[in-house]
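> Straight from Swiss-Prot, here's the annotation block:
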type     : residues : note
SITE     : 54       : site 'Reversibly protonated during proton transport'
TRANSMEM : 4-24     : transmembrane segment
TRANSMEM : 47-67    : transmembrane segment
């Protein structure tokens, strides 16, 4: 049962991160198309957002391994 729970946690975390990253990059590209002079500021904000989104699947993997080894 723990194996299935771990797979679900890691899989849904990766799915959510992929969707979130896609939305962040989409917004950044649209913003750069509208205001090219803000390219560097938008890129910096995009990388911060991607870092925050990617933190959740990493935590999910850690929780999954804790469930697996308990």
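Using N, Cα and C of the backbone, Cβ positions are placed for all residues, glycine too.
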> Non-local Cβ contacts of residue 54 (site 'Reversibly protonated during proton transport') (under 8 Å, 6 or more apart, same chain)?
17, 21
> Six or more residues beyond either end and a Cβ under 8 Å away: which residues meet both conditions relative to the transmembrane segment (4-24)?
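For the transmembrane segment (4-24), the list is 46, 49-50, 53-54, 56-57, 59-61, 63-65, 67-68.
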> Through the lens of DSSP with three states only, how would you label residue 54 (site 'Reversibly protonated during proton transport')?
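Its secondary structure by DSSP: helix.
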